[in-house]
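Taken from Swiss-Prot, the feature transmembrane segment covers 42-62, 76-96, 103-123, 136-156, 172-192, 209-229, 237-257.
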Amino acid sequence: MTIWEAFFLGLIQGVTEFLPISSSGHLELAQYFLGFEKLQSYVLFNLICHLGTLGSILYMFLPQIKQSLITERNHIFHIILGTLPLFPLVLILKPIKATFDQPQYLGLCFLFSAALLFSGVYFRLQMQKKHSLRDCLTIGLFQAVAVLPGISRSGATISAARLLGWDKQDAIQFSFLLAIPAILGGTFLEIWQFLKLPASEIPPIEIGQFLTGFITSFMIGCASLWAVIQMMTQDKWVYFAWYCLFIGIATTLYFQM
């Protein structure tokens, strides 16, 4: 992997992790066309990029995180509750994920993302001030489904919150705070699986490329978070739905040819 390829993949991760268009789906496509999808070194590189975007959340939402830890600890309980469905559902969906990891199925997942985004824009319950424990669990279920590449985690969770009647600000904040344990847990699980590989299959660590991917995904991730907040508050969320619909159709047609 060259420095420029590392920059390009870090850019994709940073742009797509928080925009509701699926970072995993776009990385799958990019690595397919670059010929990287089967190489262990790029599995590890993806993990580094995910840690970069995790850093973006911690940086951009630091005031809210401090507030949750000091004065509004019920928020922490809501995050834990929303994370609970992730573990059993990931185990259930793991065999399905192995199938949907194939590029030819990405289009279907992008189309599912589009349907979620459209539903979050056009179909909502009456606005509610308080958020129930059931709401947190429901949003957590939507997050678990997003383990499939092509289904956006932020798109699924924000759309679920909007469907349940949450206002825009609460939906965005809960979605991205919910991402912290999800990304951490997923990253450590992947690292654990990676370390169990035979020594002969563990690739050399490319420090320059990994640093490039991490820094790029962090910086672009911060910009993407800002863009998501602006797009949501300005009622431009539906643009992402149309984008997922387009790329879903294009991907499906390409791999059926």
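Note that Cβ sites are derived from N, Cα and C of the backbone, with glycine treated the same way.
Relative to the transmembrane segment (42-62), the listed stretch 209-229 leads the set 103-123, 136-156, 172-192, 209-229, 237-257 in CB pairs under 8 A. When each of the listed stretches 76-96, 172-192, 237-257 is scored by C-beta pairs under 8 angstroms to the transmembrane segment (136-156), 76-96 comes out highest. Sequence-distant neighbours of the transmembrane segment (76-96) (same chain, 6+ residues past either end, Cβ-Cβ under 8 Å): 68-69, 131, 133, 136-137, 139-141, 143-145, 147-148, 174, 177-178, 180-182, 185. Counting same-chain residues at least six beyond the ends of the transmembrane segment (237-257), those with a Cβ under 8 angstroms from any Cβ of the stretch are 19-22, 29, 103-104, 106-111, 113-114, 117-118, 120-121, 150, 152, 155, 231. Sequence-distant contacts of the transmembrane segment (172-192), counting only residues of its own chain at least 6 positions beyond either end whose CB sits under 8 Å from a CB of the stretch, comprise 18, 43, 47, 50-51, 53-54, 57-58, 60-61, 64-65, 68, 75, 78-80, 82-83, 86-87, 131, 136, 139-140, 143, 147, 153-154, 157-158, 161, 166, 225, 228-229, 232. Counting only same-chain residues 6+ beyond the ends of the transmembrane segment (103-123), those with a CB under 8 A from a CB of the stretch are 20-22, 25, 28-29, 32, 37, 142, 148-152, 155-156, 158-160, 162-163, 237-238, 240-242, 244-245, 247-256.
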